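Data block below; observations after.
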Amino acid sequence: MATTPAPQAASRVSSGRRLIFGKPTDDGKVKGVRLRGVRSFGNGGAYGRRVAVEAVNGAVRPNGAAAVAEVRQVPAPPPAASVEGDDSDAFRLGKFVEGRLVYRQQFVIRSYEIGPDRTATMETLMNLLQETALNHVMCSGLAGDGFGATRQMSLRKLIWVVTRINIQVDKYSRWGDVVEIDTWVASSGKNGMRRDWIIRDRNTKNMIARATSNWVMMNRETRRLSKIPDEVRQEVLPFYLDRSIITAHATGGDRKIEKLTDSTAEHIRSGLAPRWSDMDVNQHVNNVKYIGWILESVPLDVLEDYHLTSITLDYRRECRQSQLLESLTSMTMTSSPPAEPPLPPPLASSLCGSDLHSTHLIRQQDDKAEIVRACAEWRRKEHRGSMEQL
C-alpha cells in the first residue's frame, strides 16, 4: 500500500510574472513548480490575471487544467482553542437520545427568520422541523441520495411526500433565542409513516410548540404513490417509537377540512406564482412554501392583531413552478376550548381557547384543481401574555 508523505510547508515567491511553489532549500532558494502568467501582487503592483490552483488528491490543477507537477498541500491551520464554557459546536449537529429513538437538535433564531412583531414566523418553525427531520435521517446512517430517502428507497426511486401536518404553537421565540427540537417516527397505517416533533425553549426547557405529520411514498419518476417495500420497512423499523405528541382527534385527523369555493370564501388572492427558489430537490414546491401563500389571503388586521397558534395542512397534489395559484380564506369567530389537555404551568393559562378559526384553500388558477386545504386557529395578541412577554 502506498504511503502518503507528510504535509510540508509550501513557500511562495512572487517575482515578475512567475509564481513558484515548493520547499525552500538550504541556500534559501525555492525549488518547485513555476506557474507562468501571474503578475506580482506587491505594493503598488498592477493587478493582473489570477491563476486558481486546485489540489485534487495531492495533484495540483491550475485553472482546472491537468496536474502539472507534485505540489504539497499547505497544512490547514489548527482549530482555534475553545473558550471554556463555549458550547457553540452543539448547534452544528444534533444527537440521539432515548436509545437512538429520538433525535435532538438546537437552533438559534436568526434575524431573517423573524416577522414584523419580532418573533419567529410559522414558516421559520416549519423550516426548522423539516431540517431536524432530514438531519435525523442523515445522522441515523439510513440516508440515500434523495431528500430524506433511505438507501433502499433510493434504489427503488422512491421519495417521501407529506400528506398532512399539524403544528400547535404556544410561544414564538425571538431573535437570538435558542430552541431545542426533538423528533421521532412511527408507523401510520399499512403504508404510511408518522413523524412528531417537540420544540422547547433551551433556557427554560418548556415546550413551546409541537407538531405531527403523516408521510407516504411516491415514485419520483412516475409521480405515483407506492406501498412501503419490505426492505424499506426493515430499514426504518428499528427507529420507530410508538409515542404521539398530538392525538389524531386534536389535529382533525378524524374529519375532513371543508373545501372552500368562490361562494364560500370571503377573501381570494389570485396570480400567485411559484418561484424557482420555492422548489425542492424532489422537483415540486416545498411543503413549507404554502404557509406564505395561505397568509396572502388573510386580512391584514388579523395578521397584525392575532397570533397563528395552530395550523393543519392537508396536501392534495403536487405543485410545479409553471402553475399559477389562488389562495382562498374564510374567517369565523370561535371560543371553543382546546381539544388537547393544557400544557403544564406556566403555559396552561395561555391555552384558553382560540378567538378566530380560519379555513383555507390553495388551488390552481386555471382549472381550480385543489393543491392544499388548511384550517387554522388564531388568538388575540393581548390575550396571549406568554407570547407578548418574550
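Every residue number used here counts from 1 along the chain in the order it is shown.
For all residues, glycine too, the Cβ spot is worked out from N, Cα and C.
As the structure is a computational prediction, the values presented were derived from the model and not from experiment.
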Subject >> Stated TrEMBL location of region 'Disordered', expressed as one of 1-25, 76-100, 201-225 >> reply: 1-25
**OP:** From the ranges 309-329, 330-350, pick the one that TrEMBL records as region 'Disordered'.
**Re:** 330-350
Original post:
Per DSSP, what is the residue count of the domain 'Acyl-ACP thioesterase-like C-terminal' (264-379) in each of helix, strand and coil?
Top reply: 19 helix, 46 strand, 51 coil
